[in-house]
């Protein structure tokens with residue numbers, strides 16, 4: 001296959017251990033900045049990535065698939081991406097889809113053909129890199145995802161609330177060592193076809209109602225394989241060169257968020273990947289020593305799509321107001337988001353796991369019309385504060401929330417472009433959040449576009 005690395009590709013790389021030169025792992029190399037969701041997703045990560053991408057050389061997606069939706073508004077044009085890194089908008093920036101990402105090849109080309117071409121983004125094919133180790137989401141993975149949700153609903157009376165994009169079944173294939181990767185697609189297609197047919201047959205034997213158009217899907221995959229080939233690289237060596245080569249600004253765009261992490265989120269109502277900082281290392285092959293700033297993104301309130309515990313949810317007029325003013329509808333699914341007050345318990349928990357160096361607080365302007373604003377500062381069980389975020393969802397469902405109440409500022413903040421433009425009551429709200437979680441707030445968002453991000457330092 002023409003993708004990947006040959007023996008000649010390694011000749012330009014010097015092994016530090018063979019030179020006799022002792023180097024600290026921290027004294028050389030470009031650090032990687034990371035943008036991660038600090039709640040249940042949909043915090044506005046794409047906007048922060050887009051802002052930072054204007055000064056970045058490389059932007060990487062480290063995990064997830066087309067179950068994530070990132071919306072960016074630039075010069076009045078709204079871009080919504082699912083697989084493509086938000087940095088693709090920047091014509092001077094390389095965008096990488098990493099090892100731990102799950103590209104659905106057909107959907108990827110839909111984004112490329114329908115969106116990039118519609119947006120008239122030129123030269124994207126020279127700026128998009130796809131790791132050869134990335135696992136592929138097939139059409140039957142997505143069909144199976146939907147079937148499993150219906151099965152859960154029928155058997156248990158409830159489902160998980162997945163996006164039905166096939167991400168979970170694809171990770172199951174990876175864990176059971178039956179998954180197929182981009183490198184397999186670009187190698188011997190006859191061998192790939194055999195493995196694909198075996199995988200489809202395996203799932204059809206477990207799910208008799210699952211329909212798979214084997215020949216039709218293979219035909220499309222063969223066509224797209226040749227189109228995708230020039231974009232595929234060995235992701236490990238690509239990132240190694242980026243870190244150890246000439247000075248570069250490297251940015252990682254996380255998908256989903258801390259409370260959706262497969263290990264640390266509100267399990268089982270989570271995604272299938274590690275969307276906390278550890279997923280950056282495993283998703284891109286980056287040593288932890290090269291992780292630099294870790295930016296957490298949080299709304300000025302809280303939202304969640306699908307089912308699962310949500311202690312600060314407001315199933316009332318406040319929740320409806322936040323949903324309406326915030327246009328809280330999922331980019332990927334079109335589902336209305338559940339809305340509630342800002343929860344500092346989950347932000348502190350997300351910080352414990354990720355070690356945020358700064359926070360971006362988005363959508364402050366949505367709170368402009370409220371008479372009073374509440375912020376969750378603690379959970380109680382049986383009248384006593386609990387010092388941790390519960391792992392058990394039945395326990396989390398039972399907590400009582402302790403709030404701090406702030407007077408609303410009742411002023412339009414959408415035109416604010418610097419700190420002093422914000423009303424004092426809004427400033428007090430921001431400083432309280434900052435002090436309570438112990439992380440500086442670097443950006444405050446008051447609108448959709450780049451220009452609506454107030455930079456604090």
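For all residues, glycine too, the Cβ spot is worked out from N, Cα and C.
What TrEMBL says about this one:
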REGION    1-23  region 'Disordered'
ACT_SITE  42  active site, proton acceptor
BINDING   42, 43, 44, 45, 67, 68, 69, 70, 163, 177, 256, 271, 335  IMP binding site
BINDING   42, 69  Mg(2+) binding site
ACT_SITE  70  active site, proton donor
ACT_SITE  174  active site
BINDING   331, 332, 333, 334, 335, 336, 337  substrate binding site
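The recorded positions shown are 42, 44, 163, 256; of these, the one with its CA atom nearest the CA of residue 334 (substrate binding site) is 163. Comparing C-alpha positions, residue 336 (substrate binding site) sits nearest to 42 among the recorded positions 42, 174, 256. Each of the recorded positions 174, 335 was scored by the number of other CB atoms within 10 A of its CB, and the lowest score belongs to 335. A distance of 12 Å separates the Cα atom of residue 335 (IMP binding site) from that of residue 42 (active site, proton acceptor). Considering only the binding-site residues 163, 256, 337, the residues lying within 10 A of residue 42 (active site, proton acceptor) on a C-alpha to C-alpha basis are 256, 337. Between the binding-site residues 163, 256, the minimum number of other C-beta atoms within 10 Å of a residue's C-beta occurs at 163. Look at the Cβ of each of the binding-site residues 336, 337 and count the other Cβ atoms within 10 Å; the largest number goes with 337. Proximity of residue 44 (IMP binding site) to non-local residues of its own chain (separation of 6 or more, Cβ distance below 8 Å) is seen for 297, 299, 360, 362, 363, 445, given in sequence order.
Taking the Cβ of residue 42 (active site, proton acceptor) as centre and 10 Å as the limit, one finds 28 other Cβ atoms among all the protein chains shown.
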